[in-house]
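Novice: According to TrEMBL, the feature transmembrane segment maps to 12-28, 71-92, 112-136, 148-181, 193-213, 225-244.
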Amino acid sequence: MIKFINSHFHKIIVFGVVLQLLISLITYHPDVRAFVLASKFISAGEITSFYDHVSKLPANDSTKQIYHDDIFIYPPLGYLYSSIVYLPFSSFTASFTDRFLLNDNVFLKSQAFSPLLLIYKLPSLIGSWLTLWLIMKLFQSKERARLAGVLWILSPTTLLVSSAMGQSDTLVVFFILLAFYLYKNEKLSWSNVALGLSALVKPIALVVIPILAIDSYKKDGPKLAFKNVVIGFGTYLLGIAPYLHSPAFKMYALDATHTNKSIQA
């Protein structure tokens with residue numbers, strides 16, 4: 001198997017990417033709407049206030065009736081990242097996006113292939129490709145690196161999350177792997193920055209910060225271990241600080257962050 005992968009590695013990766021794109025074009029999951037809706041608000045200038053947009057709408061507003069006040073339940077980085085990825089396409093997708101956000105049946109009634117679906121899932125796809133690139137750098141053995149890369153790109157979980165659902169979990173994985181890569185190369189502070197950034201997408205990475213701190217304590221002593229814990233949690237706290245004025249963020253994203261959402265990654 002390893003010999004086959006080594007001989008056909010680039011072809012397998014191209015096949016995996018093409019498969020991702022094909023699945024993205026023909027599948028739809030409603031969870032992607034939260035990222036599209038947040039991107040619409042953020043691109044209109046609501047960078048730190050988009051969490052509250054729906055809650056401020058009148059009760060009879062069609063957007064409020066569809067999405068409710070708790071539509072945005074994750075930390076801000078995933079929404080901000082998606083809005084940046086969507087930005088180059090906004091000029092020619094705006095009209096369709098408005099219709100889609102009010103009635104996602106437009107995909108069910110349209111042609112079998114929809115380029116708009118690919119655009120909406122592009123943030124997650126990019127996250128999966130960045131993760132693939134990083135996986136290749138984690139292993140000293142070329143054979144193991146290629147095996148891990150193939151297992152990642154063809155994993156049913158990767159295909160489901162990145163291509164079918166368009167979720168931000170691929171970015172979470174990228175930052176966590178980046179943290180381990182930096183830690184492996186003795187860049188401890190930057191490793192914890194990466195974990196803080198991962199937690200700003202989904203907070204599961206907060207669990208990893210103390211784990212690395214324990215290992216750092218054994219190797220480098222309590223002072224450096226404590227410093228790195230402060231850097232990791234500090235990165236996360238700095239990221240959420242601009243949103244602490246938001247009632248909706250505190251009620252639906254921050255509270256969820258510290259309870260059941262911590263295990264959803």
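Cβ atoms here come from the backbone N, Cα and C positions, even for glycine.
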Novice: Find the member of 12-28, 112-136, 193-213 that has more C-beta pairs under 8 Å to the transmembrane segment (71-92) than any other listed stretch.
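Specialist: Per the Cβ under 8 Å count, 193-213.
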Novice: Could you tell me whether the transmembrane segment (225-244) and the transmembrane segment (12-28) are in contact, taking contact to mean 3+ Cβ pairs under 8 Å with a sequence separation of 6 or more?
Specialist: no
Novice: Mind checking which residues of the chain, 6+ beyond the ends of the transmembrane segment (193-213), have their Cβ under 8 Å from one of its Cβ atoms?
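Specialist: 74-78, 81, 168-169, 171-172, 174-176, 178-179, 182-183, 225-226, 228-229, 231-236, 238-240, 257-258, 261-265.
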